[in-house]
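**Q** Just dropping this structure here.
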Amino acid sequence: MTMTPTAAKPIAADERVGQRNPLQKLLGRPEVGALVGAVVLFIFFASVSQTFIQPNAFATVLYGSSTIGIMAVGVSLLMIGGEFDLSTGVAVISSALTASLFSWYFTTNVWVGVILALAVSLGIGLINGWILVKTKLPSFIVTLASFLMLTGLNLGLTRLIGGSVSSPSISNMDGFDSAQAVFASSVSIGGVDVKITVFIWIALVAVASWILLRTRVGNWIFAVGGDANAARAVGVPVTKTKIGLFMAVGFCGWILGMHNLFAFDSVQSGEGVGNEFLYIIAAVIGGCLLTGGYGSAVGGAIGAFIFGMANKGIVYAQWNPDWFKFFLGLMLLLATIVNLIVKRRAELK
Amino acid sequence: MNAQQIDQQTLLKDEKDPLTHTPVHLLSLENVGKHYGNIIALRDVTMAVDNGRVTCVLGDNGAGKSTLIKIIAGLHQHDEGTLHVMGDARKFSSPREALDAGIATVYQDLAVVPLMPIWRNFFLGSELTSGFGPFKSMDVQKMKDITKKELADMGIDLRDVEQPIGQLSGGERQCVAIARAVYFGAKVLILDEPTAALGVKQSGVVLRYILQARDRGLGVIFITHNPHHAFPVGDRFLLLKRGKSIGYYDKKDITLDELTAQMAGGAELAELAHELEQLGGHSDALEEVKAEVAGVADAAPESPSKKH
């Protein structure tokens with residue numbers, strides 16, 4: 001048995017590792033496929049439609065992106081943590097309904113409803129996560145069940161309390177104006193009205209990126225998604241991390257729910273169904289692996305931006321919006337294939 | 001057979017901790033047993049671990065090796081006997097508790113997350129942070145530097161600690177896991193079949209790290225089913241078979257041949273050779289088995305380890 005690995009090792013290691021140039025390193029990042037897709041899509045719509053690149057239209061694109069992107073932040077983190085959540089679409093509406101129905105029924109200040117809605121949203125995440133870690137069932141089943149239950153609760157309770165399929169208007173109640181200013185106002189930048197959700201979205205992406213890359217919790221999120229057993233063996237609180245991720249998704253859902261409520265003054269109880277897939281699509285386009293352990297918050301944001309561009313771009317290009325879903329499916333396929341190819345090539349070099 | 005079993009009484013009386021010279025073992029088990037329902041997984045196991053010593057636990061599949069380490073690592077609790085750590089009787093209720101008592105385990109699957117960079121894996125679960133309150137963030141540069149230095153000290157020269165750990169070879173990953181345990185102040189290092197899935201050369205590298213960990217004053221528990229790996233590095237040998245201890249030897253009292261014969265059950269192998277002969281097995285395979293039975297005197301009894 002040769003016992004001189006010290007002499008042979010470094011040379012061999014250098015041969016195999018080599019130096020990667022910065023471009024290759026960049027190509028190894030999870031969100032790069034989405035970035036390429038976003039640039040291509042932007043150039044495409046800019047060339048077919050003059051209005052697309054005008055500031056006002058672009059602000060609208062950003063707004064559309066932000067309503068997906070706010071949720072995509074939480075969903076991306078959750079997917080990196082190895083789980084996903086099918087109840088997000090209706091949970092957003094549950095949050096909005098809680099706020100409006102509670103403050104309407106008890107004629108309280110709407111802020112009371114808003115705070116209660118936060119508790120409900122976090123609670124939904126807590127219950128999802130708790131059932132998941134206790135039963136060890138796949139998140140697909142657990143959250144599919146909560147998706148169905150929440151859909152039913154939204155419709156049933158709204159009719160029971162408000163007597164209609166939509167929540168009653170709360171526009172003349174105390175605190176409505178201040179809540180609207182927080183969740184659904186616009187900021188004028190150089191004569192262009194930019195919705196506040198755009199700023200909330202960017203702030204959330206920044207915070208999520210910081211958590212993911214620079215804090216212990218971020219390390220744990222990657223670890224529980226990459227290999228939960230290994231993480232547990234070295235002392236990572238796996239169950240707390242997973243439950244926390246579901247609650248983070250709940251928090252994002254609360255913000256979007258409040259926006260949906262205060263952008264108007266009532267909420268349709270049957271809304272939200274199907275939106276959960278848009279959030280997952282944004283995260284996947286952004287380079288998050290369905291199997292967990294890999295991805296980024298910025299990627300999810302780019303995914304949401306691609307969604308926003310496609311959604312509004314079709315309108316600005318004056319095509320029939322019927323084509324949108326086809327377009328979305330194609331984008332999803334292309335983006336994930338590009339992701340895969342780019343990642344493989346970057347890792348091979 | 002002139003192998004001399006270590007008697008538990010003489011062991012406790014005469015053996016001294018080589019560093020502190022107190023008659024206390026770093027970790028010791030006395031008549032430890034464990035059953036799952038009516039299945040007896042382990043019974044009457046006695047062993048000791050000291051600073052700067054390697055205790056090897058040998059046994060075939062199903063001999064109770066895993067149960068034994070699970071008890072020491074805090075994944076399971078023993079039902080009989082006592083487990084002493086630095087003289088105190090303990091019963092760990094979680095891996096965290098065992099870790100806090102200075103017992104680190106490097107599992108067969110290594111407990112690393114393949115997609116994560118080496119430095120993130122190295123510090124996983126024990127990240128260094130700076131700042132306070134909600135703004136506590138990881139000290140990334142410091143963690144990268146420490147990872148690089150610790151691995152260099154173990155003789156692994158990595159250019160890029162940002163590499164996903166999944167890209168390293170099995171032996172290198174094993175070494176990262178050992179380096180991690182050493183850095184985080186393990187006093188007892190349990191290695192669960194570290195050479196099981198490795199080739200000859202990689203195994204040699206890992207065995208060298210075992211000796212390095214020993215020379216740093218750690219007590220090492222080396223679990224393996226390969227006496228050729230155990231004998232060169234081990235100071236004491238505990239042999240398990242069907243959940244029972246079938247021998248506990250000091251290195252000076254046993255030879256590699258005796259160890260191999262005891263462990264694989266020389267009689268069983270002879271029986272197997274006989275059976276194969278009757279069945280008309282391939283002659284080269286038979287030769288192999290016969291060679292094994294005949295003893296492995298010529299198979300490298302020379303120990304590569306430093307004599308101490």
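Going from the start of the chain as shown, residues are counted 1 onward.
Every residue, even glycine, has its Cβ placed from backbone N, Cα and C.
TrEMBL labels come from automatic prediction, so no person has curated them.
Small disclaimer: the values here were computed from a predicted structure and weren't measured.
According to TrEMBL, the transmembrane segment annotation covers A:32-53, A:59-79, A:86-105, A:111-133, A:140-161, A:220-239, A:245-265, A:277-307, A:323-342.
In terms of burial and nearby residues, how do these features look in this structure?
**A** Sequence-distant contacts of the transmembrane segment (A:220-239), counting only residues of its own chain at least 6 positions beyond either end whose CB sits under 8 Å from a CB of the stretch, comprise 77, 79-83, 133, 211-212, 245, 291-294.
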**Q** Per the definition of 3+ C-beta pairs under 8 A with sequence separation of 6 or more, do the transmembrane segment (A:86-105) and the transmembrane segment (A:323-342) touch?
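**A** No, the stretches stay apart by this measure.
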**Q** Taking contact to mean three or more C-beta pairs under 8 angstroms, with sequence separation of 6 or more, is the transmembrane segment (A:323-342) in contact with the transmembrane segment (A:140-161)?
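**A** No, the stretches stay apart by this measure.
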**Q** So if I exclude everything within five residues of the ends of the transmembrane segment (A:277-307), which remaining residues of that chain have a CB under 8 angstroms from its CBs? That is, six or more out.
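**A** Same-chain contacts beyond the ends: 29-35, 37-38, 41, 62, 64-66, 68-69, 71-73, 75-77, 79-84, 88-89, 201, 205, 208-209, 212, 222-227, 328, 331-332, 335-336, 339.
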